[in-house]
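Asks: Sharing a structure here in structure tokens format.
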Amino acid sequence: MAVNGDSGAIPVGEPHKTFDTILVLDFGSQYSHLITRRLRELNVYSEMLPCTQKIADLTWNPKGIILSGGPYSVYSDDAPHADPAVFDLGVPILGICYGLQEIAWNLDNKNVVAGEKREYGHAEVTVQKHAGKKAHIDRLFQNLGENLEVWMSHGDKLSQLPAGFEPVASTPNAPYAGIASIERPLFGIQFHPEVTHTPKGKQLLSNFAVEICGARQDWTMEKFVDKEIERIRAMVGPKGQVIGAVSGGVDSTVAAKLMQNAIGDRFHAVLVDNGVLRMDEAKIVKKTLTEHLGINLTVVDATDLFLGRLKGVSEPEKKRKIIGNTFIEIFQDKAKQIAEAAKDSPKAGDIEWLLQGTLYPDVIESISFKGPSATIKTHHNVGGLLEGMHLKLIEPLRELFKDEVRALGTNLGISEELVWRHPFPGPGLAIRILGEVNEEQLRIGREADKIFIDEIVAAGLYRKISQAYAAVLKDRAVGVMGDKRVYGQIIALRAVETTDFMTADWFPFDGEFLKRVSRRIVNEVDGVCRVLYDVTSKPPGTIEME
Ligand code: GLN
């Protein structure tokens, strides 16, 4: 059936078509995505694109543009440059660090040079005041006070101001820490407002986005929900059907609930029980998704198939592959069955769409500017996933950061408990049971994990910790239980705190807590005689054990 992309009166489209949007052009700084995040925290919608974006190819109109920092020097031969058309759009532009240098270079390519010394870390900026006809150039720094603590990270500097510009902030080292054009809405700052080391940075970004660009601060999940539901309906059409896998995690549950609200039972959720889920997981997820959230869910119990294939396998990568491939096989079979059954329904058309819970950090990762030599990594490549079914992807969370997904979940009536759930890996307990996975190891792993998590919840620590679990080690250890020598399993507890899962630190439980958990596990889980706590940060340790 045809896809109806044209819904008449309702404005339908990506958020950049329905919300005022600040475009961040990424020159490869490790902080570029933080600019987008900070703006969204201000309820201003923002998207990031590579610095090489051609303005003629842009299908929407940004309210303002921010040029990010970057590792290059604008005067080098291989330095990336923005499409000159950026400067002809007429919308306000803010350059941050490399971005400032790029603005200056674009206007007069002789005025950026290597500085005598690098400036890295804290600096104090003095804000300048202009009166009369020049007063408007002070808008970027308005209400920030006279002196501002900022964070710098640069080696190049402006040797002179581009024509028509005035300094609006300076440091003893950097006379041009902030500059602005008198004639045009062009601003540049040498420091980074997006990092937390610049305490008033968010206020400065607000001055740019809200005061200077005039962007509305209406990016909220309440608003997003309505627009997104309309967008899904328009995309899928009145009869189109969608299928998607759910895991019980936040992302897939939120995506599924959104689909259910948009198209009801024409969305088919599939939960594959791969036999390596946590204790009662499949049951709990089924209950939550069907009874509480009203999602049209099919549960496939493939425990025997998965465990059969995992038999005798102890190599971590092999375990992951077996689980991944078997999952695709099962999901594909089920999808075909559902599609066959769907054919008979007079109210619905064929299944044409596959739901994916892709989030914005995945999108950023795949588009961010990494220099001319870097190959761009594509994420969530499901090209071969549902072979022969020719499904189109629908990714309703594609524009959202994790905290926004959580806010959206709450907005959709999903319980706080689920919304704040720790991530759980696709290969499940198979990578938390070191070595071969069998029924006995799974029982031990499940029971120990449940005790650990229950105690974390009881101690009020669940939200402070980003991820926690109990692993079953491969070796055994000697113990004495009831005066008898035992040779039992070893449990390793892992709990980490992190904001982005790229780096993490182990959680500093107090001794009493660990004592309680250890005592309970050894007493209550048959076959365990020792409990260890993993005190390895990431790096070098990964969050999971295998
Ligand atoms: N590479 C440029 C410099 O050293 C810009 C650095 C940056 O954007 N952080 O000045």
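Cβ atoms here come from the backbone N, Cα and C positions, even for glycine.
Here TrEMBL flags Ser247, Gly248, Gly249, Val250, Asp251, Ser252, Thr253 as ATP binding site. If you look up TrEMBL, you'll see 219-421 marked as domain 'GMPS ATP-PPase'.
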Asks: For Ser252 (ATP binding site), what is the secondary structure state per DSSP, taken as helix, strand or coil?
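Replies: DSSP call for Ser252 (ATP binding site): helix.
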Asks: Please average pLDDT over the domain 'GMPS ATP-PPase' (219-421) for the predicted structure.
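Replies: In the predicted model, the domain 'GMPS ATP-PPase' (219-421) has a mean pLDDT of 89.
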Asks: Using the centroid of the Cβ atoms of Ser247, Gly248, Gly249, Val250, Asp251, Ser252, Thr253 as reference, list every other same-chain residue with Cβ within 8 Å of it (recorded ATP site), in sequence order.
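Replies: Result: Val246, Val254, Ala255, Gly357, Arg421.
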Asks: Around Gly248 (ATP binding site), how many other CB atoms lie within 10 A of its CB?
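Replies: Total other Cβ atoms inside 10 Å, all chains included: 19.
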Asks: Could you check what DSSP calls Ser247 (ATP binding site) once collapsed to helix, strand or coil?
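Replies: Coil, per DSSP.
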Asks: These are the binding-site residues: Ser247, Ser252, Thr253. Which one scores highest on other Cβ atoms within 10 Å?
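Replies: It comes out as Thr253.
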Asks: Gly249 (ATP binding site) has how many other Cβ neighbours within 10 Å of its own Cβ?
Replies: 17
